[in-house]
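Here is what TrEMBL records for this protein:
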TRANSMEM  A:12-34  transmembrane segment
TRANSMEM  A:54-77  transmembrane segment
TRANSMEM  A:98-115  transmembrane segment
TRANSMEM  A:121-140  transmembrane segment
TRANSMEM  A:152-170  transmembrane segment
TRANSMEM  A:182-202  transmembrane segment
């Protein structure tokens with residue numbers, strides 16, 4: 001494992017910690033898209049089907065369990081917790097799941113490495129992860145001011161994508177037969193979605209202003 | 001399994 005991959009995993013973990021911090025300490029999920037969180041839960045559930053059958057490393061198994069556990073508990077908090085759910089911005093979080101889920105599933109049926117249930121679902125999870133942030137970005141755009149924790153949450157998620165991209169470039173040059181066109185394709189789309197957000201994030205940071213995305 | 005991608009990432 002290289003340093004870029006590790007940094008990517010840690011920023012991914014940081015994004016989840018920031019989100020849980022918001023939910024646990026402020027008891028608020030304002031500005032967080034439940035649609036995106038549900039899509040992430042679906043992403044992890046379909047990607048980590050091999051968690052108990054294929055052993056890679058203790059690190060790998062533990063991280064998978066953390067991502068699965070946290071993503072489903074975040075969804076639970078936003079839907080069921082007696083105070084957290086009241087802060088959910090339901091009226092602005094209107095993006096439809098199936099607009100993303102259906103095309104990703106159809107694409108995974110056609111573009112995959114092998115036509116098996118596990119391989120198709122794994123490919124589906126990559127395609128879905130690439131676009132799962134869209135409802136969150138839409139919600140950010142509709143929010144007048146984005147609070148710090150929400151802004152940092154999306155920032156860490158974007159940083160995770162950036163580091164994974166560098167990791168693939170690194171692996172491409174250091175490992176033989178490292179051909180991963182599905183990962184590359186989905187990863188580039190996913191990282192590109194953050195470019196706009198990063199521009200406004202750094203601009204607000206530089207000018208010491210509250211983050212606000214233009215509608 | 002030549003075309004199968006390595007699944008060591010998260």
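Every residue gets a Cβ built from N, Cα and C, even glycine.
Note that TrEMBL annotation is computational and uncurated.
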Out of A:54-77, A:98-115, A:121-140, which stretch has the largest tally of CB pairs under 8 angstroms to the transmembrane segment (A:182-202)?
A:121-140
At a Cβ cut-off of 8 Å, and with pairs 6 or more apart in sequence only, do we get at least 3 pairs between the transmembrane segment (A:98-115) and the transmembrane segment (A:54-77), yes or no?
no
I'm a bit unsure how to read this: which one of A:12-34, A:121-140, A:152-170 has the highest number of Cβ pairs shorter than 8 Å with the transmembrane segment (A:54-77)?
A:12-34
